[in-house]
Amino acid sequence: MEEEIVNQPLLEKKKYFENCPGCKVDKANELSEGQGVPFTKLFIVWMLVLCTALPISSLFPFLYFMVRDFKIAKTEADISSYAGYVGSAFMFGRCLTSLFWGTIADRIGRKPVIIIAIISVIIFNTLFGLSTSFWMAVIVRFLLGTFNCLLGPVRAYASELFREEHQALGLSTVSAAWGIGLIIGPALGGYLSQPVEKYPHIFPKDCFWDKFPYFLPNFVISALAFVVAIGCIWIPETLHNHNYSDESIEDAKALENGNNGTDNENIQKNENLFLNWPLMSSIIAYCIFSLHDITYLEVFSLWAVSPQRFGGLNFTTDNVGNVLSISGFALIIYQLTIYPYVEKASGPISLGRISSILSIPILQSYPFIPLLSGVALYIVLSICSILKNIFSITIVTGLLLLQNRAVEQHQRGAANGISMTGMSLLNAIGPATGGAVLTWSQKRMDASFLPGTHMVFFVLNLVQALGLLMMFKPFLVVKKKMNTDQLH
């Protein structure tokens, strides 16, 4: 009987409260029925996600050179290990505070936490570009991760900001913007770092940009974050805030679509999320693939700029930026045109399994790419990079959809907090481990078993294979019956 009540149309039962920001959003959504895709809201989500994705990934193309300039590595092969520590510092900080910021977002609202996170990008991302020592870089990245837990609240925000029929599009936009940000970020880092060497006609020798050669990409991202922070003044708050004690009103409030963190009973139900195996199984698989993706991004950038005698491509940061830009452009086209149709035809699980299987031979072919030269090298590398990133975003998007289908609306904030904590913990391990394995691989160029970089890409494929295993029964369980306020 209780389940029948939940499955009834919610709009008939809604009561709107005058001073509740969440009610205002819900009422506006009700009035906007039949008006088509809300592009303004999609743009808001895009910009918010880019503000958290760009600082994470923009440092990878120049991190090798930045650590080299710090003169902390004893040998050239050790640079990758130190670079991994810098890359992991952000994720370690975010792991420690994801649940805290998720709780704050449930209590005071999504909008304040979003603004705090974006301000942290402006401050700490700028300071990272001004780093003069290895430890300053590590500390600033740690502080950036501590205060920039934006992705979890944005996921909840995206599911609350849109009408029910557009919630899938909103959450898909989150994962698409995240994936594209992780590609555009390194492209910006590649193009804009060391500007005195690349653009001497604009940036003269011995100027500010020569003293801080890695400041420009961080400054550009911080400037974007500043503009977004100003724009956040006008974005709506979606958290419901009902200060009523009448029992009948509380019952009506419990039926409202988008209620997060305001009902004590709902808050208590968050503890049961750990017993929700459809949710937890999708989160575990998502965390494993996220670990693979962030480690791959670190390894790819370090491998590409490494000397050829270590199995690398001896690329400049510009070369890395070119490859990643092509991949990012192809990913945007894929996400907006092809993905919705193939996902609808095959479903997120089958599509994720196929993508994971196809990723393995592509990734293991990377060590052979340095054998090419000239145009052939760029063409093959670009094709492999495009396919690898398309498969990755396909897997992550599908798992994100499964996570939000596994819980009801009022539990999505907490569910995303759990997901973010697990992902951040593994992502803190990923870059450091990837850098260390790459360093170890480059020290065994003459080994008989998986010599040189063959080993590091083999290890990445082991993680990929583990994620693939987690997408089959009995590990992955899908909730078959959805309530009307869940994702379709």
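A Cβ is built for glycine as well, from the same backbone N, Cα and C atoms used for every other residue.
Per TrEMBL, domain 'Major facilitator superfamily (MFS) profile' is recorded for 41-479.
Annotation comment: TrEMBL describes 42-67 (among others) as transmembrane segment.
Same-chain residues lying 6+ beyond the ends of the transmembrane segment (79-101) with a Cβ under 8 Å from its Cβ atoms: 55-56, 59-60, 63-64, 66-68, 70, 72-73, 113, 117, 134, 137-139, 141-149, 152-153, 294, 298, 302, 306, 417-418, 420-421, 424-425, 427-436, 438-439, 442. The transmembrane segment feature in TrEMBL is assigned to 79-101 (among others).
Sequence annotations record features per position, and here TrEMBL assigns transmembrane segment to 113-132 (among others).
Remote same-chain partners of the transmembrane segment (138-157), defined as residues 6 or more beyond its termini with a Cβ less than 8 Å from a stretch Cβ, comprise 45, 48-49, 51-52, 55, 85-87, 89-98, 100-102, 105, 110, 113-114, 116-118, 120-121, 124-125, 127-128, 131, 171, 174, 178, 238, 260, 400, 404, 412-413, 416-417, 419-420, 424. What TrEMBL records for 138-157 (among others) is transmembrane segment.
The transmembrane segment annotation in TrEMBL covers 169-192 (among others). Only residues 6 or more beyond the boundaries of the transmembrane segment (169-192), in the same chain, are considered here, and those with a CB under 8 A from a CB of the stretch are 37, 41-42, 45-46, 49-50, 52-62, 151, 154-155, 158-159, 161-162, 198, 216-217, 220-221, 293, 297, 301, 317-322, 324-325, 327-328, 331-332, 335-336, 339-340, 389, 392-393, 396-397, 400-401, 404, 487.
Annotation comment: TrEMBL describes 212-235 (among others) as transmembrane segment.
For 283-303 (among others), the entry in TrEMBL reads transmembrane segment. Residues 56-57, 60-61, 63-64, 80, 83-84, 87, 91, 182, 186, 311-313, 320, 356, 363, 366, 385, 388, 392, 395-396, 399-400, 403, 415, 418-419, 422-423, 425-427, 429-431, 433-435, 437-438, 453, 456-457, 460, 463-464, 466-467, 470-471, 475-476 of the same chain lie 6+ residues outside the transmembrane segment (283-303) yet bring a C-beta within less than 8 angstroms of a C-beta in it.
Per TrEMBL, the feature transmembrane segment maps to 323-342 (among others).
Among the features that TrEMBL reports, transmembrane segment is placed at 349-369 (among others).
Residues or ranges marked as transmembrane segment by TrEMBL: 375-402 (among others). Distant neighbours of the transmembrane segment (375-402): 155, 168, 171-172, 174-176, 178-180, 183, 278, 282, 285-286, 289-290, 292-293, 296, 300, 313, 322-324, 326-328, 330-331, 334-335, 339, 343, 348-349, 351-352, 355-356, 358-359, 362-363, 365-366, 369, 467, 478, 487; these residues of the same chain sit at least 6 beyond its ends, with a Cβ under 8 Å from one of its Cβ atoms.
Marked as transmembrane segment by TrEMBL: 414-440 (among others).
What TrEMBL records for 452-472 (among others) is transmembrane segment.
A Cβ distance under 8 Å defines the sequence-distant neighbours of the transmembrane segment (212-235), meaning residues of its chain 6+ beyond its ends; these are 44, 47-48, 50-51, 54-55, 58-59, 62, 65-66, 69, 111, 114-115, 118-119, 121-122, 125-126, 128-131, 185, 188-189, 191-197. Taking residue pairs at least 6 apart in sequence, the transmembrane segment (323-342) and the transmembrane segment (452-472) share fewer than three C-beta contacts under 8 angstroms. Within the chain, the transmembrane segment (323-342) has long-range Cβ neighbours (under 8 A, six or more residues past its boundaries) at 61, 172, 176, 179-180, 183-184, 186-187, 190, 304, 351, 378, 381-382, 385-386, 389-390, 393-394, 397. Sequence-distant neighbours of the transmembrane segment (349-369) (same chain, 6+ residues past either end, Cβ-Cβ under 8 Å): 289, 296, 303, 311, 313, 342-343, 377, 380-381, 384, 387-388, 390-392, 394-395, 398-399, 402, 452-454, 457-458, 460-461, 464-465, 467-468, 471-472, 476, 478.
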